[in-house]
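Worksheet for the structure shown next.
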Amino acid sequence: MLIPILILIFSFTLLIKSADILVDGAASLAKKLKIPPIAIGLTIIAFGTSAPELIVNIFSSLSGANEIALGNILGSNIANILLILGIAATLKTLRVQQSTTWKEIPFSLLAIIVLGVLVNDTLLAGTTSILSRADGIILMAFFIIFLYYTYGIAKNSKLETSEVKTYSNILSSLMIVGGLIGLTIGGKFVVDSAVSLATLLGVSQAFIGLTIVALGTSLPELVVSAVAAYKNHADIAVGNIVGSNIFNIFWILGLSAIISPITFNTNMNLDLLITMIVTILLIIFIFIGERHTLNRWHGISFILLYVAYITLLIIRG
């Protein structure tokens, strides 16, 4: 059992570091090509933090580990709100100022609703529940709409853009290639070791996907949001999570389904419902009471709810 655990830890480290290298190289090349900072932020940087989930999902769907693919996304979205935002809000009260952030939050709820409709073919039409290639195209269409919508908001708002470190074109290209290779190797090992671990522990692949894999692929979001909260950048802390959750469903599940259709276990409807509930809870906390604010009480509540969710998963096995 120790070997799969060590491989999993190594794979997560390789995934995250490779994503970081890929983002640095791509952002440097984009800046030299005179691509606007807003476009870099909405595409390259956002892709970088979502890259671990994307690569893991592609390998999961190709290898038939559908429960890991779906569990990774649903588990990541739940952990992003309850655990990561919970930790961030506990560290510092988050006062969300930019419209770019709070106008995106309802979009994250829309993503869950669309996914729920697409995967529940059995309930809606009496056929096998599957996220088909056609469903993947629908999700990707929503993703394009989201990018256009977000770009329009960001372009008209006074958002600070982070400095992009530049490298030579050759080094930038090598970083991109190296990052992609690292992501590929790390993603393959994450899926293989997760399947082995599930077998050894006698638990479902869904359990591993919703917990260990989801937490591992969410580490970039945890680091970004925790540091942003500590430095009083509430918009980055919250926007990182909201954007990631939308990316996870529209972009990652959409692309994964187009590459290889994903069979949906209707038992995971509970996790889909919980994802929807915690998103609604975030909307309530943000828009009701002390408007646009997540305080320490909210953060502690989120963390306790995440502990309760993990307990539920353990009971379910």
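Note: Cβ is positioned from N, Cα and C throughout, glycine not excepted.
Unlike curated entries, TrEMBL annotations are predicted automatically.
Here the structure is a predicted model, which means the values were calculated and not measured.
Pulled from TrEMBL, these are the features on record:
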- 5-151: domain 'Sodium/calcium exchanger membrane region' (DOMAIN)
- 35-56: transmembrane segment (TRANSMEM)
- 68-90: transmembrane segment (TRANSMEM)
- 105-124: transmembrane segment (TRANSMEM)
- 136-154: transmembrane segment (TRANSMEM)
- 166-185: transmembrane segment (TRANSMEM)
- 174-314: domain 'Sodium/calcium exchanger membrane region' (DOMAIN)
- 236-258: transmembrane segment (TRANSMEM)
- 270-289: transmembrane segment (TRANSMEM)
- 295-315: transmembrane segment (TRANSMEM)
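Secondary structure of the domain 'Sodium/calcium exchanger membrane region' (5-151) per DSSP (helix as H, G, I; strand as E, B; remaining residues coil): 123 helix, 4 strand, 20 coil. In this chain, the transmembrane segment (236-258) touches the transmembrane segment (68-90); three or more CB pairs sit within less than 8 A of each other, excluding pairs fewer than 6 residues apart. Between the transmembrane segment (105-124) and the transmembrane segment (236-258), three or more CB pairs separated by 6 or more residues in sequence fall under 8 Å, so the two stretches touch. Taken through DSSP, the domain 'Sodium/calcium exchanger membrane region' (174-314) splits into 120 helix, 4 strand, 17 coil.
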